[in-house]
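Features of the protein shown, as given by TrEMBL:
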type	residues	note
DOMAIN	203-309	domain 'FAD-binding FR-type'
TRANSMEM	7-30	transmembrane segment
TRANSMEM	36-60	transmembrane segment
TRANSMEM	80-99	transmembrane segment
TRANSMEM	119-136	transmembrane segment
TRANSMEM	148-172	transmembrane segment
TRANSMEM	178-198	transmembrane segment
Amino acid sequence: MILLTPTLVLLCMFYVVIALLPLIGGIVNLAHGRGFLLNLSIACGFLALSIFGLQFINILRVRLFSRPIGMLEAFKFHRYVGYAGAGFAVAHLFILLAIDRKYWSLFDLATTPTRAKLAIAATAALVVLIASTVWRQQLRIPYRRWHILHWMLATMVFGFGLAHAILVNYYLQDKLEQLVWMSLGALFVLAAIWMRFVNPIIRVRQRWQVTGLTEAPKDVFELNLRAVGAGPGRFSGLQFLPGQFAWVVAGRSPFSISANPFSIASSAERPENLRFIIRANAGYTTALRTLRQGAHVYLDGPHGTFTPDADASGPLILIGAGVGMTPLLSMIETLADRRSSRECVLILAARSEQDMIGADHVERLLERLPLTVHYHFSSRNDGRRLDQATIRGWLPRDLADAECFICGSANFMDICEDAMQQAGMDRRRVRTERFSMV
């Protein structure tokens with residue numbers, strides 16, 4: 001659940017103001033006698049263009065933007081605002097076509113002026129961008145290739161769209177409107193420079209080194225890293241909260257356009273030593289599995305709001321399946337290192353004992369933490385997966401001050417969320433981790 005904080009309110013106001021700035025010139029020049037519908041069409045076009053430009057900013061992995069709502073919610077916001085921008089672009093086109101049939105001739109590429117060709121190119125890029133995003137999994141586009149394609153198409157949409165607006169030149173003759181677009185253009189360019197150049201340079205100076213890679217069941221491996229040059233007065237590692245994640249770049253340049261997010265599985269009390277537990281599905285995750293000791297790795301983080309309240313004293317309920325136990329392991333290891341007396345209930349699900357990930361780490365923590373662990377193996381229960389009745393039977397009696405964190409497949413998390421709500425737990429205290437952006 002997203003909490004309305006002063007920072008979030010200010011960010012929303014900033015976004016709305018920036019998105020509406022291009023309309024200033026339109027308002028100033030409404031007396032040109034072009035008619036309401038034409039002015040409305042142009043206003044929709046300007047709104048679409050400013051939204052597309054802002055898309056380069058709201059995906060920046062900057063904690064100022066992601067902390068108030070969480071990185072995953074920020075990506076959802078990016079997607080839905082993109083749909084809104086596409087809606088304004090479509091409205092811009094269809095209103096023009098409805099005003100006068102003469103605009104239909106602009107689709108004749110043999111005779112249409114350059115400004116119209118640019119608009120057609122921007123629209124085509126937008127269609128491909130949306131289609132490749134919505135149906136990426138159905139089209140079987142690997143995340144890394146899609147990420148590169150997405151950046152290229154987004155740049156084409158905004159670049160061609162801005163060139164189209166400049167050549168049409170309805171309202172850009174106004175000095176104020178020119179100033180607005182010059183300022184917005186500079187802002188968007190600075191955003192791209194930050195993400196593509198400044199951030200990677202920071203990562204180069206804060207390198208990590210592979211100290212170990214351990215195989216685990218079912219194509220899972222543990223990747224252990226240490227901050228290069230860690231020590232007093234030097235790079236002190238990644239200051240993160242238990243449950244957060246980082247974007248990982250390995251085996252390629254830190255300036256690479258693509259990175260993959262992985263939850264941190266180690267204690268937040270040891271920021272110079274990190275552990276990731278990763279399933280080698282295909283592509284990049286499989287390449288990570290081949291890293292040798294001493295190889296350099298670059299991280300961007302920490303990110304995410306899937307973290308327990310450090311000051312809470314009520315029971316902590318953690319439910320995970322598969323590699324979904326990774327952020328939960330970080331939470332209990334951190335509690336153990338802090339010598340916390342907080343009651344903790346850990347529920348882990350797997351097909352069999354051989355499929356259980358991280359069980360050895362959990363067992364070592366039992367003596368250091370008031371931790372109750374429940375394992376559910378479907379192979380021992382006639383193939384039945386973890387259900388709501390089983391979960392409710394393992395919960396503490398008093399849930400008034402409890403916090404619950406769930407991580408696993410989408411279906412698994414839905415079942416667990418329903419179980420917690422049926423047990424009477426406040427929905428605001430039930431958190432899930434969903435990496436839907438990849």
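For all residues, glycine too, the Cβ spot is worked out from N, Cα and C.
Nobody curates TrEMBL annotations by hand; they come from automatic prediction.
Long-range neighbours of the transmembrane segment (80-99) within the same chain, counting only residues 6 or more positions beyond its ends whose Cβ lies under 8 Å from a Cβ of the stretch, are 35, 37-38, 40-42, 44-45, 47-48, 51-52, 54-55, 58, 119, 122-123, 126, 130, 161. Ranked by Cβ pairs under 8 Å to the transmembrane segment (119-136), the stretches 36-60, 148-172, 178-198 are led by 148-172. Counting residues of the domain 'FAD-binding FR-type' (203-309) by DSSP class, helix then strand then coil, yields 8 helix, 43 strand, 56 coil. Mean predicted confidence for the domain 'FAD-binding FR-type' (203-309): the pLDDT average there is 84.
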